[in-house]
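Novice: My questions will all concern the structure given below.
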Amino acid sequence: MNRSFGWFSIVRLGSVQASIGAMVMIATSLLNRLMVLEYRLAAGVPAGLVAWHYMVQLSRPLWGHGSDLGRRRTPWVIGGMAVLGTGALLAVQATTMLDDARMLGIGLATVAFTLIGAGVGAAGTSMLAILASGVAPERRAAAAATTWIMMVFGIVISAGTAGALLDPFTEQRLFMVAGCVVAAAITLTCIAMVGLEAKATGALSAESRQPPASLREAIAEILGDPQSRRFTMFIFVSMLAYSMQDLILEPFAGLVFQMSPGQSTSLSGLQHGGVLVGMIVTGLGGSAFAGRMPIELRIWTMLGCVGSAVALAGLAMAAQAGPVWPLAANIAALGFFNGAFAVSAIGSMMGLAGAGKRTREGVRMGVWGTAQATAFGLGGLTGALGVDLVRGATGQVAESFQLIFAFEASLFLVSAILAMRVTHRRDIPAQLGAAGA
């Protein structure tokens, strides 16, 4: 008898995604800020480390393909989380070595971020494979949105808690906070995965039991579909804009607004809280949770892109205005519109994943996930290196952040135009209409 996941099972998988987000926050948010301000590294160094962990994740399609061949996926989820946790703690150790043994610390950090990328890829890809095999087709968009919302929720909780516990900053406090986050995340994952994969066994249809398409077949299919090509470009440009502020927002708060490590980390939590609210509002208002069509999410995608551009323009002005600017409200607004864009893009992605002559949702999602990972890696690196280059050329701190924020805003405006084209009604394949009924 075919079975599919209920909402409780989806939330259990979402808790795994939340655990991933909590541990990744340590490396990409907390340690990034500490490396730049407390240990006086150029912003390009942690940006390069984060970009490297995204490069490692480019092997996601291969992990997904291997996971589809019939092996159990739960060990990959738990094992990936263990590797991720090890990498996070190793990254903390590397950070504390930067004062006395800088080159050795950077080398150890490279190893740590390799483990982080591998752990995220193994755990995340396998978790999504379980989700795809156990969730009914009409619930897939809702399930994807739910897991992303829970990931953001995990980041919000861990960032806010870490920020509160880190003041006053000491290396001993850093180890304590990171260790608690890692232990809690791995424990929650193990509890969530108990007996869960077995529920997905009966949910597999006859078609889903067929061997998955090869990576070459998937790429050929996407390149042969004009709409898929445009959507791939939209994913790349929009995620590039989405990720460029990730590694410079906390240094911006510290350098321009003179915030402490705890204050700037809590500010990151405020941004992710805005993302969470934006996702919930858009998920309800845009009917993403009803499994509707991408055409119905187009307005939300465009609104999220344009709103994000306006918020980034506000940050560009904040760089000149300084402490008098309502920075917290500006960052909360940026988070809200980022969330609106993200959840509507997920809904569109899930709706378009089955387009084409052969339904290969998993392979298409893997290819679009690769585009997303590439954009995330380049985005963080481009933002941080851009700040370093402009600052080195002009000697002006505020102006360097101002230029990068303005460039991000322009990318979001381009993304809004691409979103309008990629989900235009005349381009929606007829079979998608049947899928959304």
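Placed from the backbone N, Cα and C atoms, the Cβ positions cover glycine too.
The shown structure was predicted, so the numbers you read here are calculated from the model rather than taken from an experiment.
According to TrEMBL, the protein carries these features:
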TRANSMEM  7-31  transmembrane segment
TRANSMEM  37-55  transmembrane segment
TRANSMEM  76-98  transmembrane segment
TRANSMEM  104-130  transmembrane segment
TRANSMEM  142-162  transmembrane segment
TRANSMEM  174-196  transmembrane segment
TRANSMEM  231-249  transmembrane segment
TRANSMEM  269-290  transmembrane segment
TRANSMEM  297-319  transmembrane segment
TRANSMEM  331-355  transmembrane segment
TRANSMEM  367-389  transmembrane segment
TRANSMEM  401-420  transmembrane segment
Novice: Would you kindly check 7-31, 174-196, 231-249, 367-389 and say which stretch has the most C-beta pairs under 8 angstroms to the transmembrane segment (104-130)?
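Specialist: Checked against 7-31, 174-196, 231-249, 367-389; highest Cβ contact count belongs to 7-31.
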Novice: What residues elsewhere in the chain lie close to the transmembrane segment (7-31), defined as a C-beta under 8 angstroms and at least 6 residues from its ends?
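Specialist: Distant Cβ neighbours of the transmembrane segment (7-31) are 46, 49-50, 53, 77, 81, 84-85, 87-88, 91-92, 95, 112-113, 116, 120, 123-124, 127, 130-131, 134-135, 139, 142-143, 146-155, 157-159, 162, 166, 178, 181-182, 184-186, 188-189, 192-193, 196, 199, 246-247, 250, 265, 268, 380.
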Novice: Grab the same-chain neighbours of the transmembrane segment (231-249) for me: Cβ-Cβ under 8 Å, and only residues 6 or more beyond its ends, written as numbers and ranges.
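Specialist: Residues 28-29, 32, 43, 46-47, 50, 222, 267-268, 271, 305, 308, 312, 315, 331, 334, 338, 341-342, 345, 348-349, 352, 367-368, 371-372, 374-376, 378-384, 387, 401, 404-405, 407-408, 411-412, 414-415, 418-419, 422 contact the transmembrane segment (231-249) from elsewhere in the chain.
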Novice: Report, as numbers and ranges, which residues of the same chain sit near the transmembrane segment (297-319): CB under 8 Å and 6 or more residues beyond its ends.
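Specialist: Answer is 238, 241-242, 245, 252, 256, 278, 282, 285-288, 325, 327, 330-331, 333-334, 336-345, 347-348, 351, 398-399, 401-403, 405-406, 408-410, 412-413, 415-416, 419-420, 423-424.
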Novice: Going along the chain, which residues at least six beyond the ends of the transmembrane segment (401-420) come within the CB cut-off of under 8 Å?
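Specialist: Same-chain contacts beyond the flanks: 230, 233-234, 237-238, 240-241, 244-245, 248, 252, 255-256, 298, 301-302, 305-306, 308-310, 312-313, 315-317, 319-320, 341, 345, 383, 386-387, 390.
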